[in-house]
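Taken verbatim from Swiss-Prot:
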SITE      12  site 'Discriminates between blocked and unblocked aminoacyl-tRNA'
BINDING   17, 68, 70, 116  tRNA binding site
ACT_SITE  22  active site, proton acceptor
SITE      95  site 'Stabilizes the basic form of H active site to accept a proton'
């Protein structure tokens, strides 16, 4: 099993979107940066904010693209290419409509499920979808016509509370990847219940 060398948190740039459901991936990267006592810095050649850190003695880079969601692959592709990071060494953290708020799942590979950020990352990695995903449940509005408005709005107070709890657990599980391996971290996160 490959070691994770790049952790990417997806979101949209700017204050307008900072607290919206679509930025759940970025929220987790911010927590990881605090946990590892590092600050993300703008890096124009990578189209995002990034930092290098050591987790349990292993070098890893954190990245938040500063492009809009549907261009996330531009940042991921640029950084992965520059540092020769393979798709299977990348963990992408993103919001997931098909999971309820308060849940999260780790997996490798799979489709994009209509998520435009994932779609662009797959394309920019040469149509390789073999990267890991940490999917943060945000719930579903009920009808696909409501999705765009739903992901670009703030979660309800109850959902925000559920998200805070699962983000705490996900932060621990990401750190666990570097200490105990992906399988143990996946089993723990995928069975988490509030």
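Counting starts with 1 at the first residue shown.
Any Cβ shown, glycine's included, is placed from N, Cα and C.
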Among 22, 68, 116, which are recorded as recorded positions, the nearest neighbour of residue 95 (site 'Stabilizes the basic form of H active site to accept a proton') by Cα: 22
Rounded Cα separation (Å) that holds between residue 68 (tRNA binding site) and residue 12 (site 'Discriminates between blocked and unblocked aminoacyl-tRNA'): 5
Residues satisfying Cβ distance under 8 Å from residue 70 (tRNA binding site), sequence separation of at least 6: 116, 117, 119, 120
Integer Å distance between the CA atoms belonging to residue 12 (site 'Discriminates between blocked and unblocked aminoacyl-tRNA') and residue 22 (active site, proton acceptor): 7
Close in space, distant in sequence - residue 12 (site 'Discriminates between blocked and unblocked aminoacyl-tRNA'), Cβ under 8 Å, 6 or more apart: 20, 22, 23, 68, 69, 152
Residues close to tRNA site centre defined by 17, 68, 70, 116, Cβ within 8 Å: 12, 22, 67, 69, 71, 72, 117
Other CB atoms, at most 10 A from the CB of residue 17 (tRNA binding site): 19
For tRNA, whose listed binding residues are 17, 68, 70, 116, the greatest C-alpha pairwise distance in Å: 16
Cβ-Cβ neighbours of residue 22 (active site, proton acceptor) (radius 10 Å): 22
Residue 95 (site 'Stabilizes the basic form of H active site to accept a proton') - helix vs strand vs coil (DSSP): strand
